[in-house]
């Protein structure tokens, strides 16, 4: 019940701070951290970063840490919400500028973020995604407040054009005093180290994970007399939809028993429809449009082969999900993809129509001759590769390492900014850092830390949240949206 | 990965794969780190004289603007009879028109499928309309002060130079915008001339020098590079001569500008190439090299 | 039985909480803010008048001075009558309901009464308020159509904004009464 769970935290101090149930204090508080995940991208927005943050937080809570999430308001969803197992989410009313990312002035978010960091007694700030302005803001403010910071980079960037030069400069500034950086693949690590001019020792590689129980094979769903190729991606240039437009007619003319199922939506959908129209392939190419995450598995299991045509990818979750459903994966050899699956499970091709067609033909030939392992066998192999528990364990190691590090003093921080980020940018941002510190001093004078009520923990060792088994199953608490005003 | 006890790391070789639990810490840096890094693989090598030759397009355009302003000044001072300018312009246009077809032996005309009759028609239509509207042009900017007109013309001509299509593949290039700005400048300046006939001839001249002349230049450059260099030199010297007759200091400054654009800038570009450091690696977005339009058309 | 304790609001201002226990089933909580202090009143009036005199010396128009008089007088009246709340009271009676009263500095009172049958629960919730995240006490009202749904959330002590320790005090007493009510209603 909503009201019950709302009332629960406040009941806790009445119990005279004694742990009433033994299970509520499973870990010694010394080993546990208070982590604040910050990113512009979180549910109800859907995507790789969002599910990463959610799953990682859940596994960290399970391991006895206190985790809260800060993101910006999505429509009517503002204020404070609780998700499963007492995962507390702050939806801050900040203006969204572009692509669900908030605007940044480096200052305007300080009062709220500082208030939350103080009331939740946060010790580690974990920011996600280099596209998120809020994540960078949080790193900056975190350092101003003398907290430890960790950053996870989920994407790859080039170095060639003007926009990437600028964003790379900003990343250099943002990560210059971050304690530790997490990348999702080795290629992503190389990329981030180069972009932000980092010491590679402070960059860890922790891959993403998929929930293997969500992606189980079901060979009965496949059509026996047909070969079905599944493609699930956003239909945009970066995902190689143009290549797909070349592959479809080429292969459909060659193999009369070939079917395509394409899931996803995007600006390039129109050219797929044109190809389908031109070659009269309406019965063989199905365009499903945007898919919900829960439907992905049901689409995947209908296919024999999964095709990924991305032109750039840090860590491709889609191919792991497909392999987990027992499909043979054919993919372009770009970014971190070669690191993700062993060669027995994936056919890697160059990003060209010719090479991808060859790869697909090889897969079809193997399929017809029965050389491919059974879906169950593939699933059995893949499910051991990536689990969220493992990710959480490794992330916890990063936290353990970071918490022991010394926080740079103000002058050291300014020195580092000026020496590390180039003379002009360094000086500008050092000046901004000084302003930020002055702003923080002003805020501390207006509302001293002693006036900020310490929040009642919903997760972590001092949690007053009910045990996970009896926790409410509904993920979102529907009754906290009336109370958010700005 | 790291909860396994660290075994003898010399025996186990680190692999760049994520699916294996390897006995290395997560922040392990192997010797193979960044081994796929490549630098400057697409960098172009420039030849000095080739760059100088390419810079002649800029020279030509600078000279066009200069010649235009000089002619306008002469008209404004009453030193140049409008009919004389009209006659010369018409004659040179005719010569240019014949040359335009002559250079490539009429191939371009066959390709576009445009008849001479159509050319004549559009020329006539244009001249008649400009002539008819020239009194309007004359009085159009009467309420605007002369200083504003001059300032506006300067900005428009600068804009013309900035947005002109010099052959670079950049977002800023827009030949329509550039041509429009030049015509706007010419209309502004023409409206300050004494009579409507002057205005008409000034605008016609602007069309000739800003719209038709670059087309001929392009063709000259593509087909007969040698003669193009000659034409550029001739044009530059005549522009300088014209400017000299108005202001000696201006001519010297203009000559310096031309020299720096054609000789110093290419030299500087080639020097700066030595410092180029373009990084490439597996993280780059792959390029689709094939022509995919055949599937769609 | 009556006692008084001193708490602070979220900005650090002083708040006095008076609790009156009339009977096990009837309690009253009264949060009073400090009265309008002479010092702040003088400061505001002086600054308005100084500004008016500065404008007067600039424009030499005596309308400004008379406008200043009106602004100060009307502003003070409006402030006392519509803005400044001296006291907020929550009266909870087991069998009847909950009465919320706010008394303005001018003596005006506004009262809301919620029938006990409509009250689902009293809880402490969190909200983002200006640049702060605060706790507040609120009453959940039952949805008449759906027995488990909530139709409305009524915040209590909206003006005083006491801190968590004060809210817990009130919350606990209210819960006692609600529990008492439940116990009596289920066992006839």
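From the backbone N, Cα and C atoms, a Cβ is placed for every residue, glycine too.
Unlike curated records, TrEMBL annotations are generated automatically.
Segment annotation: TrEMBL labels transmembrane segment over residues B:252-270 (candidates B:252-270, B:271-289).
Among the residue ranges B:102-119, B:120-137, the one that TrEMBL annotates as transmembrane segment is B:120-137. Within the same chain, the transmembrane segment (B:199-216) stays apart from the transmembrane segment (B:252-270): fewer than three Cβ pairs sit under 8 Å, each pair at least 6 residues apart. Stretch with the largest number of CB pairs closer than 8 A to the transmembrane segment (B:252-270), among B:48-75, B:120-137, B:149-168, B:228-246: B:48-75. Outside the transmembrane segment (B:149-168), and at least 6 residues removed from its termini, the chain residues within Cβ reach (under 8 Å) are 54, 57-58, 61-62, 65, 68-69, 141, 174-175, 177-179, 181-182, 184-185, 188-189, 191-192, 210, 214. Here the transmembrane segment (B:48-75) sits apart from the transmembrane segment (B:120-137); fewer than 3 CB pairs are under 8 Å, leaving out pairs fewer than 6 apart in sequence.
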